[in-house]
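Below is one structure, written out as structure tokens, with a few remarks after it.
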Amino acid sequence: MRMTRSVDNVQFLPFLTTDINNLSWLSYGALKGDGTLIIVNSVGAMLQTLYILVYLHYCPRKRGVLLQTAALLGVLLLGFGYFWLLVPDLEARLQWLGLFCSVFTISMYLSPLADLAKVIQTKSAQHFSFSLTIATLLASASWTLYGFRLKDPYITVPNFPGIVTSFIRLWLFWKYSQKPARNSQLLQT
């Protein structure tokens, strides 16, 4: 975005859902007392917030971006308010928050597939970032293994779709690699 001074061919929804996801898991980690979840998701939330601010800076139509951000932050705040104020039992709060985090994680991993129809229609994977696909595969596989190690289904189960969607995107890169789009180079940095 900074190099091209544009958000063309850059999806906003993955940045937003990942930020909300990091903030949710940060809360789950704090409630559970899991230092790994706290540290990783603190750093992730800071980076995603930075990406959102850069996107906003270069986005010509800020209203839609701000509305999406406000809507998801509203859902997040309502969820946190519910969990912290209305669910007094710590174990029940942990379970409900784990479920809440799982839903956001799955939405985060599915959000890049919003352009799936466009990719198939144009027979070009230019709307996907190859480096982001690899990073998603590695992160989701790591969290899935971490969840298995802790025997925590709230970490294991929602990260598995990240592995599946990454392989779908890698397959699409392979399938449409013979017809690179002229802007595809921008997405791979």
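For all residues, glycine too, the Cβ spot is worked out from N, Cα and C.
Per TrEMBL, the feature transmembrane segment maps to 37-58, 65-84, 96-116, 128-148, 154-174.
Taking every recorded stretch in 65-84, 128-148, 154-174 and counting its Cβ pairs under 8 Å to the transmembrane segment (37-58), the highest total belongs to 65-84. Tertiary neighbourhood of the transmembrane segment (154-174): same-chain residues 28, 95, 98-99, 101-103, 105-106, 108-110, 112-113, 116, 119-120, 125, 128, 130, 133-134, 136-137, 139-141, 143-144, 146-148, selected by CB-CB distance under 8 Å and a gap of 6+ residues from either end.
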